[in-house]
Amino acid sequence: NSLAISVMNQWPGVKLRVTEGWDEDGHHSKESLHYEGRAVDITTSDRDKSKYG
């Protein structure tokens, strides 16, 4: 929740989106933590890539 709150504080009206938490399609490298359910892919609700670090 702290990351989502930080996003809302930095950019009012923008929400954090989790786009993938488990990879069953093989989109990540073989060593990816997505296969263990220990990684997530995130974006912002406005999908403004200039906000991504």
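Just so you know, glycine gets a Cβ as well, placed from its N, Cα and C.
What Swiss-Prot records for this protein:
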{"type": "BINDING", "residues": "THR19, GLU20", "note": "Ca(2+) 1 binding site"}
{"type": "BINDING", "residues": "GLU20, ASP23, ASP25", "note": "Ca(2+) 2 binding site"}
{"type": "BINDING", "residues": "HIS34, ASP41", "note": "Zn(2+) binding site"}
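Sorted by the number of other CB atoms within 10 A, the binding-site residues GLU20, ASP23 start with GLU20, the lowest. For ASP23 (Ca(2+) 2 binding site) paired with ASP41 (Zn(2+) binding site), the C-alpha to C-alpha distance reads 10 Å.
Taking the Cα of ASP25 (Ca(2+) 2 binding site) as the reference point, the closest of the binding-site residues THR19, HIS34, ASP41 is HIS34. Put simply, GLU20 (Ca(2+) 1 binding site) is 5 Å from ASP41 (Zn(2+) binding site) when counted between their Cα atoms. For the pair formed by HIS34 (Zn(2+) binding site) and THR19 (Ca(2+) 1 binding site), distance between Cα atoms is given as 12 Å, rounded to the nearest Å. Remark: of the binding-site residues ASP25, HIS34, the most isolated position is ASP25 (fewest other Cβ atoms within 10 Å of its Cβ). DSSP gives ASP25 (Ca(2+) 2 binding site) a coil state; it is part of no helix or strand.
Long-range neighbours of THR19 (Ca(2+) 1 binding site) (same chain, six or more residues apart, CB within less than 8 Å of its CB): VAL40, ASP41, ILE42, THR43.
Within 8 Å of the centroid of the Cβ atoms of GLU20, ASP23, ASP25, where the record puts Ca(2+) 2, the same chain has further Cβ atoms from TRP22, GLU24, GLY26, HIS27, HIS28, HIS34. There are 13 other Cβ atoms within 10 Å of the Cβ belonging to ASP41 (Zn(2+) binding site).
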